[in-house]
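If you check Swiss-Prot, you get these features:
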| type | residues | note |
| --- | --- | --- |
| BINDING | GLY11, MET12, SER13, GLY14, GLY15, VAL16, ASP17, SER18, MET37, GLY127 | ATP binding site |
| DISULFID | CYS102-CYS199 | disulfide bond |
| ACT_SITE | CYS102 | active site, nucleophile |
| SITE | HIS128 | site 'Interaction with tRNA' |
| ACT_SITE | CYS199 | active site, cysteine persulfide intermediate |
| SITE | GLN344 | site 'Interaction with tRNA' |
Amino acid sequence: MSETAKKVIVGMSGGVDSSVSAWLLQQQGYQVEGLFMKNWEEDDGEEYCTAAADLADAQAVCDKLGIELHTVNFAAEYWDNVFELFLAEYKAGRTPNPDILCNKEIKFKAFLEFAAEDLGADYIATGHYVRRADVDGKSRLLRGLDSNKDQSYFLYTLSHEQIAQSLFPVGELEKPQVRKIAEDLGLVTAKKKDSTGICFIGERKFREFLGRYLPAQPGKIITVDGDEIGEHQGLMYHTLGQRKGLGIGGTKEGTEEPWYVVDKDVENNILIVAQGHEHPRLMSVGLIAQQLHWVDREPFTGTMRCTVKTRYRQTDIPCTVKALDDDRIEVIFDEPVAAVTPGQSAVFYNGEVCLGGGIIEQRLPLPV
């Protein structure tokens, strides 16, 4: 290998995407090393086992590829910069997205700094399904080639500088191709299922987990007409548009259409429900977003036409965006949208390019 080979540290999660990313970078002539991050300390045996198994898988892959694996503990950073904010949002009756925060504070901040400063890396790499393109001297974030797996929604907080220091090898591939490469190489992660659940906390029973940190406060479930029809176990367990877990059946009029959460009255600890997933109370004509992050880091002024996603895997919604001030925008959808949820992120696109996004501060309800 030449003296000039650039050094890349791959965030090895013990999953198939980061495993194949490491191999692809080797094929491209980079000097590759891996880094396994431990970001969660609190816990019961179950989570410890998951983390231990993931580390063992990451180590097995690195051994197979002949690369060094470093480990680092970012549990304090995760607790301070991700988890405490996550709890505060739930406490305020909003529904945060911890994966977005984790990418912002851990993977593309703590990891990026550690790789550059402690390990002498030129770049970091992750197994995210996104692409980068350098245009006019700035790195842009593009959707992953596999539209079914595209993860740009979770990376909208990244700046062009962070993207310039990051490589996303699987972003150019479809997921089945990634699995096929792993199988052909005989990697232990080839058939490992994709992780779901909260970022580094893994797949645990969410209600039970949240209950450890936030005391649940039961309260009334009320219909949009003001009838009390049940009791909820805590507003934090419910999100707009939710149907499951309400514990209420049909109505006295006999209609069997399912109930959906349409609003939360945090002040009075009341959950408001209506029947039908397209109930007018569930629809929004737009939203106000704050805590904005634009990938090019240029302040947004005036108005623009683009598309928006108000949750992961949603079909793009055509919209008009208008700057209200330095850190707030108003977004008006071309057509009403269901279940726009405060606390979640609104992420904007111009074709393949992810422009950035912000946190949904409030939804603009359909006038009824």
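Any Cβ shown, glycine's included, is placed from N, Cα and C.
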Round to a whole number and give the Cα-to-Cα distance in Å for the pair GLY11 (ATP binding site) and HIS128 (site 'Interaction with tRNA'). 10
How many neighbouring Cβ atoms, not counting its own, are there within 10 Å of the Cβ of GLY11 (ATP binding site)? 24
Could you check which of the recorded positions (CYS102, HIS128, GLN344) sits closest to SER13 (ATP binding site), going Cα to Cα? HIS128
Here the Cα-Cα span from CYS102 (disulfide bond) to MET37 (ATP binding site), rounded to a whole number of angstrom, reaches 12
Please tell me which one of the recorded positions listed here (GLY15, MET37, GLN344) sits closest to HIS128 (site 'Interaction with tRNA'), measuring Cα to Cα? GLY15
Please list residues from the chain of GLY15 (ATP binding site) whose Cβ is under 8 angstroms from its Cβ, counting only those at least six apart in sequence. ASP54, ASP57, GLY127, THR189, LYS192, ASP194, SER195
Alpha-carbon spacing, ASP17 (ATP binding site) to GLN344 (site 'Interaction with tRNA'), which is rounded to whole Å: 26
Determine, from DSSP, whether SER13 (ATP binding site) sits in helix, strand or coil. coil
